[in-house]
């Protein structure tokens, strides 16, 4: 994926963290066409991020995926050949935590998008439910996206790729990156070789069938040994998400 370019006063932060806003899944295989009905393809002059449909009118992605104009594809599999039920939507409203530190991209990296028109369930479109419980360390988790399938040179696939990774104790990411933002999950494969990558940002981390994370950051090159990616922890933001959807547009994210 194309890496997000951060303004000059964030260059020091980039030495410690590498943003994966346009990354693909490394070490995965083509997703089954029926396993990603909730997966959104975010386009702004080119594919740059993923997202997750959580009901007929709302998509969750990463805050760093926000752009002025976004086209959202749902029901897509092969980029060059649209499905019959593929839909295009635009944001009607976008919500980012009002207490997010604007100069720290990793802080509260979550964005809720209200679509300009609801979508209907179809053969290739259906929402993914929000988690009912937090994930457990050791869980097997599914990653997916149209991000780069090679690293460091990037190769963008025509179809989404999927792979399985493991959920780690957050100390693994703290040791790898000299820190870890709050309300974050750490996931990957310790020996390397499987990972999200450029273009996968904003896409889901699905652990034991539940939508638990939103891809935020990871190492560059992707898929290095002992360099897991980290994901915004969806469960910790449930009160904010549910309040916004219920109409409380001034809801504040947890500290």
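Including glycine, each Cβ sits where the backbone N, Cα and C put it.
Going by Swiss-Prot, these are the annotated features:
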SIGNAL    1-18  signal peptide
DOMAIN    25-246  domain 'Peptidase S1'
DISULFID  31-162  disulfide bond
DISULFID  49-65  disulfide bond
ACT_SITE  64  active site, charge relay system
DISULFID  97-253  disulfide bond
ACT_SITE  109  active site, charge relay system
DISULFID  141-207  disulfide bond
CARBOHYD  169  N-linked glycosylation site
DISULFID  173-186  disulfide bond
DISULFID  197-222  disulfide bond
ACT_SITE  201  active site, charge relay system
CARBOHYD  248  N-linked glycosylation site
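For the pair residue 109 (active site, charge relay system) and residue 222 (disulfide bond), the C-alpha distance works out to 19 angstrom. If you take the CA of residue 64 (active site, charge relay system) and look 10 A around it, the recorded positions you hit from 31, 169, 197, 201 are 201.
Counting every protein chain shown, the number of other Cβ atoms lying within 10 Å of the Cβ of residue 49 (disulfide bond) is 34. Mapped onto three states, the DSSP output places residue 162 (disulfide bond) in strand. Within 10 Å of its Cβ, the residue among the disulfide-bonded residues 65, 97, 173, 197 with the fewest other Cβ atoms is 97. The least crowded of the disulfide-bonded residues 141, 162, judged by other CB atoms within 10 A of its own CB, is 162.
Relative to residue 186 (disulfide bond), the recorded positions with Cα atoms inside 10 Å are 169, the candidates having been 169, 207, 253. For the recorded positions 64, 109, 207, the largest tally of other C-beta atoms within 10 A is found at 109.
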